[in-house]
Amino acid sequence: MSLDAVDYKGFPADKSKTGGWVPATLILGIEIVERLSTMGIAVNLVTYLGGTMHLASSNSANIVTDFMGTSFLLCLLGGFLADSFLGRYKTIALFALIQTLGTGMLTVATTLPQLRPPPCNLNCQPANGFQMGILYLALYLIALGTGGLKSSVSVFGTDQFDEKDDKEKAQMTYFFNRFFFFISLGTLTAVTVLVYIQDEVGRIWAYGVCSLSMFIAIIIFLLGTKRYRYKKSAGSPIVHIFQVIVAAIRKRKLDLPYDAAMLYESTSTPEASRIQHTQEFRILDKAAIVSEGDFEEHASCSAPNPWKLSSVTRVEEVKMMAKLLPIWATTIIFWTTYAQMITFSVEQASTMERTIGNFQIPAGSLTVFFVAAILITLALYDRIIMPLWKKWKGKPGFTNLQRIAIGLVLSVIGMAAAALAEQKRLTVAKSVGRNTSTLPISVFLLIPQFFFVGSGEAFIYTGQLDFFITQSPKGMKTMSTGLFLTTLSLGFFISSFLVSVIKKATKTNATAQGWLADNINYGRLDLFYWLLAALGVINFAIYLNSATWYKPRKPKSPIPNGYGAQDKC
């Protein structure tokens, strides 16, 4: 077992008694319930904000995307706390409790009549500041809980497998796909059962189920305490990054040595954990140049001041994080596309014919086709594509960068399909009257856009998760996962930004409502979708350039002991 893995008492972990699929499954339970709660709230929130709180459609869409964006942005906070102070186990337990508190408060906020405006048909009064304040407090407690635990769950799950054991390393590869498959089952339950309960039984019951489910998941998670493998914290990765940057800035005028072996390496870093020097971002190498005043004298030895001198390994860790950024930046636009599936696509569905016999499909449940596409894609990839690819190429499936590329392409196709469907819907609305509450056009016209974007998410999510975990330094994996999840956050925030800008730019006068009208039958949502498709094409070209530039980590080769000066502690 790796030396950095310990049991719950802090002793070296026994492979026969800790780790493997059983504890990894207990960890998955928390993520399944988190996805059940977050998606169950998000996909149907826009109908509550418009129908019950009497807010405009664009404002409702922005509230949803801001809520989701904040949830994923807070993953950085969760990653920082897990890597620096609490550890992944305590971080998951703490923030799962916070999310439980948030869903409980949301149950109260959507139940008490004093916390929502009176029902109406015409000239509706929107919710007041106090009512919206209580709703925001509940939503952002949920966002805090989601963000805090989400970046730790996947990494803590991979901690249960030993990368140095070939059998367990293969199991970890399958873990990435199965991780996303099972949390997609949570999403499927959310957009079917939970949305139906919200619309037909009552939100108090739906949100109450969320609170109770998370509480049970926490208990099950805690029962696995003795079975988990824990990784020792290497200190705050953010502090380490800033130390390298500050040291490099201090020595920016110094010349780099002709031989990288003259750069500093700490003797306290085990040889197996050292990272070989690379030629990228050589300006950062200056942080490892030994100069006068870098060492501080202690009682029996001298040690470097980390703000003045960094080891080669520490510098290479920062380089590894820097190399992730171009891929990180070019995956954001996918999640802007994704945001439309739980906002404007749900609004489209609410205006269309949704009955099958005597049963009316809730508008929020149309995302079932989105989730079904994810599950079908993952199943086909796991059972058909991976075995065939291994037989043909000798590799267990597409690389992480190839999966990301496929996801980006599918999102562009999805937006094009959405634009064509909206053009057809608007044609029908114009012919029968734009104020018609239910247009004589089947909601199943929207299936292609849900299918393509859902299939794209199956590829891009697993590709990003694999990429950011496997290509990041060992001590920065939780923060790296948080960095990956900020692509979702920024995608939602960019969606809110684009909606606000497009609404303002296309509203030419007091009567014209522009592309994103309060009643979408009077708008041109199709043009907004075409804009996103065009942005997706441009982004894909930039991504291909970034992916070509990126050089994956190579297997470690022996590193000589003679790197520059050594500390004497």
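Each residue, glycine too, has its Cβ placed from N, Cα and C.
Here is what TrEMBL records for this protein:
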- 63-82: transmembrane segment (TRANSMEM)
- 94-113: transmembrane segment (TRANSMEM)
- 133-158: transmembrane segment (TRANSMEM)
- 179-198: transmembrane segment (TRANSMEM)
- 204-223: transmembrane segment (TRANSMEM)
- 324-341: transmembrane segment (TRANSMEM)
- 361-381: transmembrane segment (TRANSMEM)
- 401-421: transmembrane segment (TRANSMEM)
- 441-461: transmembrane segment (TRANSMEM)
- 482-502: transmembrane segment (TRANSMEM)
- 527-546: transmembrane segment (TRANSMEM)
Would you confirm whether the transmembrane segment (527-546) and the transmembrane segment (204-223) meet the contact rule of 3 or more C-beta pairs below 8 angstroms, pairs 6 or more apart in sequence?
no
Recorded stretch that, among 63-82, 133-158, 204-223, 361-381, 401-421, has the most CB pairs under 8 Å to the transmembrane segment (324-341):
401-421
Taking contact to mean 3 or more CB pairs closer than 8 A (sequence separation of 6 or more), are the transmembrane segment (63-82) and the transmembrane segment (361-381) in contact?
no
